[in-house]
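Listed in Swiss-Prot:
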ACT_SITE  S156  active site
ACT_SITE  D338  active site
ACT_SITE  H396  active site
CARBOHYD  N33  N-linked glycosylation site
CARBOHYD  N84  N-linked glycosylation site
CARBOHYD  N235  N-linked glycosylation site
CARBOHYD  N273  N-linked glycosylation site
CARBOHYD  N295  N-linked glycosylation site
CARBOHYD  N385  N-linked glycosylation site
SIGNAL    1-20  signal peptide
Amino acid sequence: MMKLLFIIISIIFVINVSNSTPTLQLSGYFNVNETTNANLFYLFYESQNSPSTDPLILWLTGGPGCSSLMAAFYENGPYFVNDNLTLSENPNSWNMVANVLYVDSPLGAGFSYVVDSDGYSTTETEISENLYSFLTQFLSKYPKYSKLPLYIFGESYAGHYVPSFSYYIYQKNLGLATINLKGLAIGNGMVDPYIQYGSLGPFAYAHGMLDINALKETEGLYESCQQAIDSGDYNMTTQICNNIMDIVQEYAGNFNVYDVSKTCYPNEPLCYNFTAIIDYLNLASTKQSFGVLPNSTWNVCSTQPYSAIIRDWFNTPINYIPTLLENYKVLVYNGNYDWICNFLGSTEWTSQLKWKYNQEFNNSPRKILYINGNTISGYSQSYDNLTMQVLLGASHMAPREAPVAALAMVESFIQN
């Protein structure tokens, strides 16, 4: 009986949104490790366009240890949560153009759980193994989605997850191509700290948050940060590299590290007010409809998976990306207001990629992007399988502030 509980699936139609077309929703758990009793939770929304032919997007939120449901109800899902805990329709939901599968990963994030504490993931390989087990079970349970083009999207620390999981699928497909992976996308991602930490000072300086002396101070700290990363001493590296962040915040004040156009207030976790989402997802009725264990508590981010994987922070999956570019499309995008994983850092690591079209990509012309005819929404640079986009007016969670531009970007990427 207990084992059946681990794979319970809840199939419902969302009907409590006025003037909304019901969308097929699937949710529940798949057991990915019987030994540790490890269970990944998912929430799936079928495409509102052409579910039988539209691609499948698998979404991963970073942290590490933050729930993908945060994206589902705050960024790019079909519904937002109102202050009175009702739902309102998102006209720019990504399931307007794709089937979207949100997965709470790694184990312990969101509604996902593991009974044996030894089951928490400590490496990207373990996370990828669990995700692969989950995905193969999902596609087996729902075979009508198994042949659709698959795109893996992720945000923030998912800059580690997305390339690692994509490369894991690539390796598995060398034997027999069972998963129809076509591309991957990294939004405001932390991919290579060795490179990206160097952008924190210059970005703040360019936004008027630092003077020239403070900038020079961050440059000296960045050199020490790189040396610490090279040493392999995690504790020392964390302390030294975090000094860059501390110095910038000391000079610039209590700004929102995810959106430099805003102030971060002490009573807001992660600088945002997620109270309505937290309350909604912890309602007994919500948990019942999702097929979630009644005693589960949903949090935006969880400490146990964070503590388990955090020593992997300064490792980088960047060496996987040249191989991935040989086989799949890769999209890297950033909101221009994000500081913590900013576009300068993304531009730098993409420009340094060791792949055959490095020079051609770096020399390719940048295009201006428009929405609504003549409104500038961002900028794009592309060559062969690699595309880099900057979305104007957007933060760390780019689809929230630039929903129209983000949806257009996704549609262009997955529909060729």
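Each residue, glycine too, has its Cβ placed from N, Cα and C.
Here the features listed in Swiss-Prot are painted onto the structure.
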residue: N33; record: N-linked glycosylation site; Cβ within 10 Å: 19
residue: N84; record: N-linked glycosylation site; Cβ within 10 Å: 7
residue: S156; record: active site; Cβ within 10 Å: 24
residue: N235; record: N-linked glycosylation site; Cβ within 10 Å: 9
residue: N273; record: N-linked glycosylation site; Cβ within 10 Å: 13
residue: N295; record: N-linked glycosylation site; Cβ within 10 Å: 6
residue: D338; record: active site; Cβ within 10 Å: 26
residue: N385; record: N-linked glycosylation site; Cβ within 10 Å: 17
residue: H396; record: active site; Cβ within 10 Å: 26
Proximal residue to N84 (N-linked glycosylation site) among active-site residues S156, D338, H396 (C-alpha distance): H396
Rounded Cα-Cα span from N273 (N-linked glycosylation site) to H396 (active site), Å: 15
S156, N295, N385 screened against N235 (N-linked glycosylation site), Cα within 10 Å - retained recorded positions: none
Whole-number Å value for how far S156 (active site) lies from N385 (N-linked glycosylation site) (Cα to Cα): 21
Minimum Cα separation from N33 (N-linked glycosylation site), reported as the residue among recorded positions S156, N273, N295 that achieves it: N295
Closest of S156, N273, D338 to N295 (N-linked glycosylation site), Cα positions, recorded positions only: N273
Between S156 (active site) and D338 (active site): CA-CA distance (Å): 10
